[in-house]
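Okay, structure first, notes after.
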């Protein structure tokens with residue numbers, strides 16, 4: 001066959017398309033992925049038929065599927081489909097705009113060549129939808145651009161025989177010599193139009209334009225070099241001599257009117273919807289997160305309206321305009337993420353994010369201080385010739401997720417994790433050994449060395465926990481000094497009060513965290529005895545509800561204990577119709593149980609309780625459970641930590657209403673910001689605090705590693721657009737590598753340069769104990785990763801958990817399993833459907 005890579009990838013596209021055809025033939029309405037696959041694959045088949053042109057196929061692609069053949073969200077998710085195929089005259093790009101543009105498609109064309117039966121259109125119901133994924137609800141009012149700047153009007157005539165287009169931030173005095181206007185008045189001025197737009201002068205055109213003064217230090221660079229330097233009226237005669245000497249069109253315009261932007265005579269204003277179409281939503285606008293019912297309202301926008309950083313042809317970030325000239329690399333950003341809506345536990349706001357040396361060095365307004373107002377452009381956020389741009393207009397940026405309950409059963413879990421937006425993994429294991437399949441322990445120093453070395457080039461921060469189940473300290477110091485950044489107590493190794501006490505004593509000496517999976521059997525005691533064994537010392541309780549393991553039926557009581565830092569694992573997130581039914585077999589496999597042994601079955605069944613799973617939902621919403629993690633391949637799904645967090649938040653909004661920001665219902669705002677901040681903290685800052693590395697990762701804050709995830713709002717929580725790891729793009733949606741542009745199908749999450757060679761280690765951290773760092777494991781193991789010590793975890797309490805510090809008194813009825821918090825029964829119904837699911841995923 002001699003297949004090249006692009007052919008192999010197109011085969012995968014064809015398989016997805018054929019799968020979609022089979023589902024369509026059964027009368028199923030297609031989701032986003034299926035619709036894209038079917039359209040792209042069919043276009044390639046029509047290319048092979050050889051009797052249609054590119055233009056023909058661009059039109060035909062819009063005829064295949066209608067709104068009734070796809071799920072209601074799909075027309076809003078699917079804007080274009082692009083694919084490249086081999087025509088008789090070579091490889092060509094076909095772009096289908098608005099591919100779902102009619103009520104019914106042509107199903108004969110959609111199934112052409114498949115030999116599948118064409119279903120009746122009666123199989124497809126018409127379901128309208130008022131809400132759509134990623135929708136923006138705009139604030140009323142208008143935004144005035146370049147407010148308080150000096151402004152004037154000029155007449156401009158194009159004397160050329162070609163069109164001339166001038167961008168918003170081009171120094172107008174430097175414009176094309178064939179444009180005739182009053183260049184003296186234009187000194188130090190630019191167009192008063194939205195940033196990144198332009199005015200086009202056709203041959204012979206005469207237009208009146210409004211100019212505004214440049215901002216900042218008022219320094220002109222670039223263009224034709226006519227007025228190079230600081231704007232200084234005393235030098236204007238010299239500048240005008242250059243204008244005339246170099247043949248630049250100039251004509252006095254005494255009819256010019258002058259004023260100040262804001263006085264109403266020279267203003268340029270846009271409404272919020274128009275503004276968002278160019279730069280993304282701004283203060284007061286609300287964004288639907290994916291297809292959930294959660295709305296994030298932008299609380300603050302650091303932009304200076306009219307001076308936004310926009311990259312592209314004729315846009316703002318060009319030499320002498322938004323990009324500064326004359327600044328060394330040391331004064332400029334390595335990378336700037338522009339116009340991002342940041343969703344973080346610290347707030348929901350819009351800003352540029354500046355990255356240097358892999359760290360977030362500033363958040364605010366980036367650009368060129370020579371032409372942009374100094375009260376806007378942060379001195380740490382200068383864009384220069386050494387700066388790369390990641391355009392995030394209309395996008396959401398979050399901190400990279402942290403999964404702090406990982407069974408390292410297979411290395412491929414790292415690929416799944418980063419593709420979902422997880423950038424830090426904490427747990428233990430050695431591969432698919434039975435101990436690892438059940439417990440997160442990396443037991444021996446040789447295992448620890450193996451795991452740190454084997455994950456060294458992965459573009460993910462790593463931390464490994466040793467086994468803590470022993471009643472004597474012997475052996476624990478060795479694994480800690482070998483690199484363990486924490487210890488794990490697991491019932492499969494014996495989580496007895498004696499082992500708990502000893503493990504915590506050693507952890508206190510080394511300032512590391514202890515994670516515990518308690519005793520489901522109640523063999524050495526019940527939950528109150530385990531709590532007593534803690535002796536008020538800090539401990540992190542895994543799957544604190546109990547389905548993942550722990551004292552039956554009331555381990556959930558620990559969520560009301562001050563020194564306990566509770567977390568959940570994601571199979572029970574949220575409580576759905578099928579949650580209970582899937583768990584028994586999951587548990588039997590993970591814990592090496594035998595369904596032929598009655599006691600093993602009873603052990604498994606005792607852990608699965610609908611009542612406590614339902615209560616877990618509500619405790620999360622109250623902020624009484626602080627973390628959500630995966631329990632990867634050991635009763636958990638590593639690629640769904642983020643998705644299931646937002647599914648839980650959405651379920652709680654639907655069942656409990658808007659979350660008030662205080663005890664008074666009247667304090668609820670007309671948005672979901674508080675709930676959103678509470679839930680994002682569960683997989684970002686709180687696991688970072690619990691594990692002792694919040695100085696390095698866990699939030700979008702200055703000084704932290706630039707581990708950032710970029711999302712399209714319509715795909716938020718389901719599928720990221722790009723994952724930035726330590727300032728480098730490590731994973732991103734990328735199309736056909738042979739294509740003329742990056743977007744033709746098949747588009748998939750692929751590793752980028754930040755994940756290859758030594759880049760993965762250079763942009764990531766290996767977290768170890770202080771003792772291990774001081775012992776020099778970085779050198780001993782020849783690690784490329786930056787090695788950092790965890791710390792300040794002993795003495796943490798629930799009150800240190802951001803936005804998740806509630807301490808209700810929890811009781812569980814041992815017979816009915818009814819859970820109460822401060823006397824209130826915690827009860828909710830399982831949901832039959834969740835968002836971030838069927839609209840997005842193929843399987």
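Positions of Cβ are set from backbone N, Cα and C atoms, glycine also.
Bear in mind that the values here come from a model prediction, so they are computed numbers and not experimental data.
Here is what Swiss-Prot records for this protein:
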- 591: active site, proton donor (ACT_SITE)
- 405, 407, 488, 631: Ni(2+) 1 binding site (BINDING)
- 488, 517, 543: Ni(2+) 2 binding site (BINDING)
- 490: substrate binding site (BINDING)
- 400-843: domain 'Urease' (DOMAIN)
- 488: N6-carboxylysine (MOD_RES)
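Taking the features listed in Swiss-Prot, we show where each one sits on the structure.
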residue	record	Cβ neighbours (10 Å)
405	Ni(2+) 1 binding site	33
407	Ni(2+) 1 binding site	26
488	Ni(2+) 1 binding site	30
490	substrate binding site	25
517	Ni(2+) 2 binding site	25
543	Ni(2+) 2 binding site	27
591	active site, proton donor	22
631	Ni(2+) 1 binding site	30
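Between the CA atoms of residue 405 (Ni(2+) 1 binding site) and residue 543 (Ni(2+) 2 binding site) there is a gap of 9 Å, rounded to the nearest whole number. In this structure, residue 631 (Ni(2+) 1 binding site) belongs to neither helix nor strand by DSSP; it is coil. Considering only the binding-site residues 407, 488, 490, the residue whose Cα is spatially closest to the Cα of residue 517 (Ni(2+) 2 binding site) is 490. Residue 631 (Ni(2+) 1 binding site) has 543 as its nearest neighbour among the recorded positions 490, 543, 591, going by CA to CA distance. The average pLDDT for the domain 'Urease' (400-843) in the predicted structure is 96. Listed in chain order, the residues near the Ni(2+) 1 site other than 405, 407, 488, 631 are 406, 427, 428, 439, 440, 515, 517, 542, 569, 629, 630, 632, 634, 636, each with its Cβ within 8 Å of the site Cβ centroid.
Rounded to a whole value, the Cα-Cα separation of residue 490 (substrate binding site) and residue 591 (active site, proton donor) is 11 Å.
Here the C-alpha separation of residue 407 (Ni(2+) 1 binding site) and residue 591 (active site, proton donor) works out to 13 Å. Between the CA atoms of the residue listed as 'active site, proton donor' and residue 488 (Ni(2+) 1 binding site) there is a gap of 16 Å, rounded to the nearest whole number. In this structure the alpha carbons, written CA, of residue 543 (Ni(2+) 2 binding site) and residue 488 (Ni(2+) 1 binding site) are 13 Å apart.
Other than the site residues 488, 517, 543, same-chain residues with C-beta atoms no more than 8 angstroms from the centre of those residues' C-beta atoms, the Ni(2+) 2 site, are 405, 439, 440, 489, 490, 491, 515, 516, 518, 541, 542, 548, 549, 550. DSSP gives residue 543 (Ni(2+) 2 binding site) a coil state; it is part of no helix or strand.
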